[in-house]
């Protein structure tokens, strides 16, 4: 049979020229039946083939949607399949969609979706304040503070009657250099605060978190770093000009200029600072840090000689004022740095104290997709869902501390992390833990009696006394607060994970399950929608057992799971899904009752119907994953939030380590 015999079907992905006609007819009949069912439904509208810059056109053979068996649904009308979540993904709504002002976010491509836009200035301001207000105001105040400090300092150095000789010798570049130096002192006073994680965790649990975006602490740290680089360059270039003014009056201007730069106290300490700063910035850029984290980690500790040289940089009194006392109180860097420096040193001391408290590895589990689970017993630690910790394995490196999100619930008697083995540190750690992913298939065969399904992890430590004797020591610092910790502050929550970025939500989903089934206190949270987006279905394997356990016992459908597979499928895989899916209650790929969707989510329709179903409700949207998807969700939260009375508001939160 060929495609030409039935042109209405289009391309038949199940037609194999190597098969006999009888075998091809069997697959073609199934394809015809499925095509008639699919074409009669509106599931294709739930995915966009050209929505937004992050979406790409998916081939026709890959755009298929798992549908429940027609026979099964007819014979068993009471079967529940997460109907409300399917409606969300499909673009339907439980409630009737009200008449909205027309607004097409993607006029040139994709299905049009309506959104009610704020009309008055107050409504626009309220909508803007939901996700952008506090952050934008805080950074604007910080930038304005820089401008104010520089302007006031410049006016002082330019008009002060005690600096007449300096201005006559150097000109305006003297005022520029000294003004930039004062701004640098302000930055030095603040640069360490954002990385004082215990302090940040303490403050973010206070009402001050509504004013200052403590979850943006790393971004603030980066912003201060770029400010220090900029004003350091301004300060350095201005002094190069000043030194040239002095050198041109000597017999050998070039030699004198070099002597002033490198043979004087201010010059030598200045270059120590400048070289240290340039190395720290170069190794801390996004691409450099991700490709060589160890290099970034060690080079960033050049802040020690950087601040050390700064402490003496201004103490030489090279350019003096006109009147006595000329050099009194001139080395005042410590006055700016002392507060943040003492707190930071205190946090590093606290890390060492925590690291020496009793902790040991109780279990090591090998999961599919090169993921290892480490369960740790540390009685002195109290955690909350969504928090993260820093781990150090002295047998791998005594100096490296890496952040990992907790995947255990606070209700459990251990803490656990799931680590994907991809980098140098994780590979070395997995070897020390006894994991050998190259022989995973053999290990699974040896432990087949203890493994219920292909998705289950392999406990390689419990029944291995020899391995338990040599398990490495693990030092733990934390826990520290994160954006996901706020999930219980909302009535409705959307949890969006991409790939291994699902780890923060493992802890949250477990904690929710405990709170629902074993309630000890009331919780504001009433509904959770969990979205997991992955490129290939192998990535779902390690998390499947947890989702399956939650799904089996979540009788009230408190948690609704929705899984998206975005990678391109081969023809053989599509055929296998159709053949094995017919008549199954559980999904062929994940083994869950929740269906797997093929293609990227249409976030506009999902947000539209979330807003329609939960009117006048604050909805928390929590994300962990790559930046492009995070930027898209951030945009959608702003787009679909209503800044007027009784409007639905989407609050966006992203994990930042």
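Cβ from N, Cα, C; glycine included.
Database features (TrEMBL):
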- 1-26: region 'Disordered' (REGION)
- 1-11: compositional bias 'Polar residues' (COMPBIAS)
- 136-159: transmembrane segment (TRANSMEM)
- 179-203: transmembrane segment (TRANSMEM)
- 224-247: transmembrane segment (TRANSMEM)
- 267-284: transmembrane segment (TRANSMEM)
- 296-316: transmembrane segment (TRANSMEM)
- 354-486: domain 'FAD-binding FR-type' (DOMAIN)
Exercise. So what's near the transmembrane segment (224-247) in sequence-distant terms, Cβ-Cβ under 8 Å and 6+ beyond its ends?
Worked result: 146, 169-171, 173-174, 176-177, 180-181, 183-184, 187-188, 190-191, 194, 253-254, 256-257, 260-261, 267, 270, 273-274, 277-278, 280-281, 284, 319
Exercise. Where among 136-159, 267-284, 296-316 do we find the most Cβ pairs under 8 Å to the transmembrane segment (179-203)?
Worked result: 136-159
Exercise. So which residues does the transmembrane segment (296-316) touch in its own chain, when a touch means Cβ under 8 Å and the partner is 6 or more beyond its ends?
Worked result: 181, 188, 264-266, 269-270, 272-273, 276-277, 279-280, 283-284, 288-289, 330-334, 337, 341, 399-400
Problem set entry | Per-region confidence, the domain 'FAD-binding FR-type' (354-486) (mean pLDDT, whole number) | 80
